[in-house]
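J.: For reference, the structure I am asking about is given below.
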Amino acid sequence: MVLFSLVATHADIDLETVAQLSNGSSGIAASVLSGSPAVSGAVVLATCNRYEIYGEAPNTDDVEAARAALVAQISAQSGLAEPLVSRSFSTRTGPEVTRHLFAVSAGLDSAVVGEREIAGQVRRALITAQHEGTASSGLVRLFQAASKTAKDVGAQTALGSRGLSIVSVALDLATDLSENPDWSAKKVVVFGTGAYAGATMALLRERGCTDVSVFSSSGRAEGFVATRGGTALDADSLRPAVAAADVMIGCSGSDTRVEADELAQVRAGSAQPLIAIDLALTHDFDPAVGELNGVELLTLESVRLAAPQEQAESLAQASGIVKGAAKAFEQEREARSVDSAIVALRRHTMDVLDAEMEKVRARHGCTAAAEEVEFALRRMVKQLLHVPTVRARELAANGQQDDYVAALEALYGITVEQPGTAAPAAGQAECPVDHKGLESA
């Protein structure tokens, strides 16, 4: 199996294109898995400034076909032309996939370097894929290892110790733009009830803001404020709340958004300035809102440009942890890649042993002598398999697992099956041999 990823982020393309690519992202993995044999598993990581698809293909030759299938599906769901979709994604394979995801999960590839929200988004991406049945075992191990690496970076370095996040930087910008920096005196309207909305509520509370109203186009505001505080808004109460607001924050990314002309009508009788913070990748607020008199619009691009740089020492430490963890993961993955070869060699050896024991039983029956011969042969086979098994692990750790497989085919004529397609163990004969002892070789 081969890991690969398609990556589109704020570092390479504009956020508007990232938003367009991510339209309908929730169904991409399942659609491609059902329609393309080149994709064995897929996990989609979609955040406010990145859209990445991690996949597993049966072999290296299938990666290009897998990429083409994903590009075609994304094009169909987003409405973007296939050539544009294809150009928007960079493709990674093998160890590059591991290094990139580990860096992403640790916050090293974020617009706000060191931010902690991305680690939770990586975890939720895996949970979603598992729920939808699209996460292969290789991808599960990859994402779990990435989450562990993020925890290690948080525990062993000062990266992210300031608690910086996209939300916190946005609120800092809003503070700088306000005539009155005191959040306890501000009226805030939050759009959305997802993870970003939850983080926003927590940070507003930390800054002393108590007058917070929440609107959800899906009707989840009541349940949201029940555990986080604030006032739930419906369609009728939203207009007067926006008219009186000092700040409104978009975190929903829903199909409905606040249009500029609509906001102008609602705010027509208000003399106080309004700061609109749009943290939704697909825009909760019409970009033309920023052209209205008395309205200051902050976007994800504003946050990216204003994000402070982390200290060089913290970055170096975090990068070292990520590099070491990625290398260890790849070594373990390479060791796992020879499991099929080891199983094939054991099966071949056991077939020979079983054939010889059939001859013994045909001559002596299931006698004590036959059992003694069988026991001796099993011990001998276990000893003979020990060195080839150890060498398989050593070669895999050095990236030479293909040499081991080639040697088995050349010396014994053994065809090594792909992981997940191994044939069931051969049936056991009368007076059976207990094969468990060989599994520990």
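FYI, residue positions are counted from 1 along the chain as it appears here.
Any Cβ shown, glycine's included, is placed from N, Cα and C.
Sharing the features that Swiss-Prot gives for it:
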type	residues	note
ACT_SITE	CYS48	active site, nucleophile
BINDING	THR47, CYS48, ASN49, ARG50, SER110, GLU115, ARG116, GLU117, GLN121	substrate binding site
BINDING	GLY192, THR193, GLY194, ALA195, TYR196, ALA197	NADP(+) binding site
SITE	HIS100	site 'Important for activity'
J.: Counting every protein chain present, what is the number of Cβ atoms, excluding its own, within 10 Å of the Cβ of THR193 (NADP(+) binding site)?
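T.: Around the Cβ of THR193 (NADP(+) binding site), 25 other Cβ atoms lie within 10 Å.
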J.: Neighbours of the NADP(+) site GLY192, THR193, GLY194, ALA195, TYR196, ALA197: Cβ within 8 Å of the Cβ centroid, same chain, sequence order.
T.: GLY198, ALA199, THR200, CYS251, SER252
J.: I want the residues beyond THR47, CYS48, ASN49, ARG50, SER110, GLU115, ARG116, GLU117, GLN121 whose C-beta is within 8 angstroms of the mean position of the substrate site's C-beta atoms, in chain order.
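T.: Near the substrate site, the remaining chain residues are GLY107, ALA111, VAL112, ILE118, SER165, ILE166.
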J.: Mind giving me a neighbour count for ASN49 (substrate binding site)? Other Cβ atoms within 10 Å of its Cβ, every protein chain shown.
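T.: I get 22 for this one.
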J.: Please state whether DSSP places ASN49 (substrate binding site) in a helix, a strand or coil.
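T.: In three-state terms, ASN49 (substrate binding site) counts as coil.
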J.: Would you kindly give the Cα-Cα distance separating THR193 (NADP(+) binding site) and THR47 (substrate binding site), rounded to the nearest Å?
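T.: A Cα-Cα distance of 15 Å.
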J.: Check the Cα-Cα distances from GLN121 (substrate binding site) to the binding-site residues GLY192, THR193, GLY194, ALA195 and tell me which is shortest.
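T.: So, of the listed binding-site residues, the one sitting closest to GLN121 (substrate binding site) is ALA195.
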J.: Measuring CA to CA, name the entry from the recorded positions CYS48, ASN49, HIS100, SER110, ARG116 that ends up nearest GLY192 (NADP(+) binding site).
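T.: That would be CYS48, nearest by Cα distance.
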J.: Can you figure out which of CYS48, ASN49, HIS100, SER110, ARG116 (the recorded positions) comes closest in space to GLY194 (NADP(+) binding site), comparing Cα atoms?
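T.: Nearest candidate: CYS48.
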J.: Measuring CA to CA, name the entry from the recorded positions CYS48, HIS100, ARG116 that ends up nearest THR193 (NADP(+) binding site).
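T.: Answer for the nearest of the recorded positions: CYS48.
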